[in-house]
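To start, the structure under review is shown below, and the notes come after it.
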């Protein structure tokens, strides 16, 4: 009886340790890493193509607030990105031309939170962006 109890405790311990390292599971990342900021800038076109940005100015990334990755026939990166109204007016340049050097965030401009999912298969030179607005953000809200 004592041997069965010891075996059960060891089995539970092994299962608990391995559950924290689930293969193929989503892994939280440090959202402040430059690679995630770069990915947010690459998603600018998708963010601005959303019908929810119907103002006269393009949105630009302010900050990546959350990041996670998952291995799924490539790598799926999920970002939560705070964006703000920039000083770049629609019609004066194309959304894919927006960069951090030519578009700055407007003081007092509108802000929103978007979820950006990037599916990458580097060996196939494949990259797919999915963008979804989460919600509008008030000017005094801190991240």
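Going from the start of the chain as shown, residues are counted 1 onward.
Yeah, the Cβs are placed from backbone N, Cα and C, and that goes for glycine too.
Copied over from Swiss-Prot, here are the features:
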- 88-103: disulfide bond (DISULFID)
- 70-74: motif 'Secondary area of contact' (MOTIF)
- 1-19: signal peptide (SIGNAL)
- 24: site 'Reactive site' (SITE)
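Proximity of distant same-chain residues to the motif 'Secondary area of contact' (70-74), defined by a Cβ-Cβ separation under 8 Å and at least 6 residues beyond the stretch ends, is recorded for 24-27, 119-122, 126.
Across the motif 'Secondary area of contact' (70-74), the DSSP tally of helix, strand and coil residues reads 0 helix, 2 strand, 3 coil.
Cα spacing between residue 24 (site 'Reactive site') and residue 103 (disulfide bond): 37 Å, rounded to the nearest whole number. Here the Cβ of residue 24 (site 'Reactive site') has 8 other Cβ atoms within 10 Å, regardless of which shown protein chain they belong to. Just so you know, the Cβ of residue 103 (disulfide bond) picks up 21 other Cβ atoms within 10 Å once every protein chain is counted. Over the motif 'Secondary area of contact' (70-74), the average per-residue pLDDT in this prediction is 94.
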